[in-house]
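Visitor: What follows is a single structure, and I will ask about it in a moment.
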Amino acid sequence: MARKKISVIGAGNVGATVAQFLATKELGDVYLFDVVDGIPEGKALDIQEGAPHWGYDLDVVGFSTSDSSNYKNMEGSDVIVVTAGMARKPGMSREDLFDKNVEIIADVSKNIKKYSPDSIIVVVSNPADIMAYALQKISGVDPQRIMGLGGSLDSSRFRTFLAKELDVSVEDVNAFVIGGHGDDMVPFIRYSSVAGIPIEKLLPKEKIDAIVKRTRFGGGEIVNYLKAGSAYYAPGISITAMVESVIKDKKRVIPCAAYITGKHAEHYGINNKFIGVPIKIGERGVEEIYDIDFLPEELELWKKSVASVEASSKNVDEWLKKHPQ
């Protein structure tokens, strides 16, 4: 049986880490792309040379897109992971990256449209939900085949902080985060539990509030430690979980940025935009979107997140008017 093909656009810390995780989990041949000459080739070779110890028999190869014709090597990809873009620095929000990253996403989108429009696409470049929207608008790819990182990573952080506070295994913590992948994300307390026991029965409100706040600013906490660059290990494995569910058709339910339309638009109060909600991920991409009910106070938080995503998506529309693709 032919191996799957996974292309990773961007060979920085996140892209290279994703490539390594994809290889070690033997999800398919990995094609690594970057605009800087030598970086994707060197990192791909480095990952390939670790194969004897990890035991993976697959190809990891790199291509520099300073020669744009090298994008043709992503043709026929089962999954494309888009990590290309500027990294956050201390004091920056994900939204501050918009101007730089939308230009990069525009170039990537046109090449996806040209060489591999039928791939499932995972958008990681920040702000991920907004860049997913830009990519879909420019590439014309079926939005069901596009999902953005956000809730997968934010939920992993939320679960980690809860597990550490309670001194329990992370495997027994069920919790998720919805909304935009920014400071207005919504960690959902009411659906959070440990082995089925509601979090609110295990922790006092002030502890929960502190964990929610830390989750919202979890990425910034790491940026402040690193000074230059942002998180990549937790994003890398969060992305890999999404890709694995596509490649193996696992039907995992993971909160991710998905395109909201139809009956879901009426429920969530946002239409034809990407925002983080619980979705089922399989070989066809976003195979189902789950509507969750809100209590009044939860709805207010959700509406704030929606407003933030709507405003940033409008920036994409305005940018596209000035820069027709």
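Heads up, the Cβ atoms here are built off N, Cα and C, so glycines get one too.
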Visitor: Given that Swiss-Prot annotates G10, A11, G12, N13, V14, G15, D34, V124, S125, N126 as NAD(+)-binding, name the residue from N70, N101 that shares the site.
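Guide: Only hit among N70, N101 in Swiss-Prot's NAD(+) site, alongside G10, A11, G12, N13, V14, G15, D34, V124, S125, N126: N101.
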Visitor: Round to the nearest Å and give the CA-to-CA distance linking D34 (NAD(+) binding site) with R88 (substrate binding site).
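Guide: The Cα atom of D34 (NAD(+) binding site) is 18 Å away from the Cα atom of R88 (substrate binding site).
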Visitor: How far is it from R157 (substrate binding site) to H181 (active site, proton acceptor), counting Cα to Cα, in Å?
Guide: 13
Visitor: If you measure V124 (NAD(+) binding site) to H181 (active site, proton acceptor) at Cα, how many Å is it?
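Guide: If we compare the Cα positions of V124 (NAD(+) binding site) and H181 (active site, proton acceptor), the gap is 10 Å.
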Visitor: Sorry to bug you, but what's the C-alpha spacing from R88 (substrate binding site) to N126 (NAD(+) binding site), rounded to the closest Å?
Guide: 9
